[in-house]
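Peer 1: Just lifted these from Swiss-Prot, have a look:
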type: TOPO_DOM; residues: 1-46; note: topological domain 'Extracellular'
type: CARBOHYD; residues: 14; note: N-linked glycosylation site
type: CARBOHYD; residues: 26; note: N-linked glycosylation site
type: TRANSMEM; residues: 47-67; note: transmembrane segment
type: TOPO_DOM; residues: 68-78; note: topological domain 'Cytoplasmic'
type: TRANSMEM; residues: 79-99; note: transmembrane segment
type: TOPO_DOM; residues: 100-116; note: topological domain 'Extracellular'
type: TRANSMEM; residues: 117-137; note: transmembrane segment
type: TOPO_DOM; residues: 138-158; note: topological domain 'Cytoplasmic'
type: TRANSMEM; residues: 159-179; note: transmembrane segment
type: TOPO_DOM; residues: 180-212; note: topological domain 'Extracellular'
type: CARBOHYD; residues: 192; note: N-linked glycosylation site
type: TRANSMEM; residues: 213-233; note: transmembrane segment
type: TOPO_DOM; residues: 234-259; note: topological domain 'Cytoplasmic'
type: TRANSMEM; residues: 260-280; note: transmembrane segment
type: TOPO_DOM; residues: 281-296; note: topological domain 'Extracellular'
type: TRANSMEM; residues: 297-317; note: transmembrane segment
type: TOPO_DOM; residues: 318-361; note: topological domain 'Cytoplasmic'
type: REGION; residues: 341-361; note: region 'Disordered'
């Protein structure tokens, strides 16, 4: 293991690799609390990033399995939940291990091409997650504000079409991300280092890139979601009890809406710190100290935890998901009873005492 000073030196250079002068790395004064950094880098990063990776992979894979294995759960909302789980799975695969490696190793060991691929998919999956939340909020808006008129629109076919559209748009518009990132090699104090960085020296604007990422992956989608939920709340306040929608159906929609709101709020909270730090770094206002290094690691952990927390939220907030999960774990695969050939309603009613393995709420 490297000495404490070497550990700080490594992480300091990796965090400031965009600046060839390394002006923020003070080799003589930044080691006053070396024991703190040793704990942060050597223990926190592997433990937390490893935990996030395992929970994110297992949890999101279970979400996909539970919904895909139960035909009665194939509603528009659940198709969007599957897409969110897939985006989170890809984010965990392409982001978590490589960010952890960049923190603890003095060299980027994967080469220039893989650097471009990793940065590209980080941006793609981050956008895919948040714009799936936008689609989920739009789905809730239509279900609450236009429950009858939206029945012909909120179909599985249209949900799959919307999902395909956001992936095509994101995969296409994110291509410049791979172009403007790459491996940079440098030497400092007779040591060879390399990092996967934004290639500002080729004329690309780091500030422009970070501002675009901040707006497109955080501000704009959350603004759209906020408008949709404000319209929903206005409609709910003005709506009178009774009407054409049954009380049971209304309660069901409120439960699903509450779950989507919680997922969106958790996303906003988890991603806020790292978005601010990345923006501050792009403005050249970021100074390397033990506090800022620790803050950046904590912010990364918080943002990446968002990719593994959604399955936990479903388990706590959705009785349907808990029932379906138990049936996948303990029941044999269903026989072909005609479900696969018929369009499914948004919500299926449980029969009897709920012990059937074929009908999911």
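Any Cβ shown, glycine's included, is placed from N, Cα and C.
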Peer 1: Within 10 Å of the Cβ of residue 192 (N-linked glycosylation site), how many other Cβ atoms can you find? Include all protein chains, please.
Peer 2: 10
Peer 1: Any chance you could find the range in 47-67, 79-99, 213-233 with the most Cβ pairs under 8 Å to the transmembrane segment (159-179)?
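Peer 2: Per the Cβ count, the answer is 79-99.
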Peer 1: Under 8 Å, at least 3 Cβ pairs, sequence separation 6 or more: does that hold for the transmembrane segment (79-99) versus the transmembrane segment (213-233)?
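Peer 2: In this chain the transmembrane segment (79-99) does not contact the transmembrane segment (213-233) - fewer than 3 Cβ pairs sit under 8 Å.
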Peer 1: Give the nonlocal contacts of the transmembrane segment (47-67) in its own chain as ranges (CB under 8 Å, at least six residues past its ends).
Peer 2: 73-74, 78-79, 81-82, 85-86, 88-89, 91-93, 96-97, 99-100, 301, 304-305, 307-308, 310-312, 314, 321, 324-325, 328
Peer 1: Taking the topological domain 'Cytoplasmic' (318-361) alone, what is its mean pLDDT?
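Peer 2: Mean model confidence (pLDDT) across the topological domain 'Cytoplasmic' (318-361) is 52.
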